[in-house]
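Copied from TrEMBL, the annotated features are:
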type     : residues    : note
DISULFID : Cys28-Cys54 : disulfide bond
DISULFID : Cys38-Cys53 : disulfide bond
DISULFID : Cys48-Cys65 : disulfide bond
DOMAIN   : 26-69       : domain 'P-type'
SIGNAL   : 1-23        : signal peptide
Amino acid sequence: MEPRVICVLVLACVLTLSSLAQGKLETCVVAPHHRTNCGVPGITPSQCKAKGCCFDNTVRGVPWCFHPVAVDNTIDGMAREALWGLKV
């Protein structure tokens, strides 16, 4: 595949993902050591989500019920700049 075609495909994917995230101001994708506790020990996933928080019990030693974080759209701007030289 030609490099230009690959660049166009990558840009289309980035724009699609960024448009999906624009309606969402927060995300539950948080590095385990950056989680801010939102619940008490023994909280259930449904209780956690009812508080507007995120639940992930796959990592021991960190909060399982934690606050979501703001979506960072800098990746979208960096991708446009890298591919097309556009500053956002």
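Glycine residues also receive a Cβ, built from the backbone N, Cα and C atoms like all the rest.
A TrEMBL annotation is a machine prediction, not a hand-curated record.
Within the same chain, the residues at least 6 positions away from Cys54 (disulfide bond) whose Cβ sits under 8 Å from its Cβ are Cys28, Val30, Cys38, Cys48, Cys65, Phe66, His67, Pro68, listed in sequence order.
Take the disulfide-bonded residues Cys28, Cys38, Cys48, Cys53: by the count of other Cβ atoms within 10 Å of each Cβ, the lowest one is Cys28. There are 23 other CB atoms within 10 A of the CB of Cys65 (disulfide bond), with all protein chains counted. Per-residue confidence over the domain 'P-type' (26-69) averages out at a pLDDT of 95.
Here the domain 'P-type' (26-69) has, by DSSP, the following mix of helix, strand and coil residues: 9 helix, 8 strand, 27 coil.
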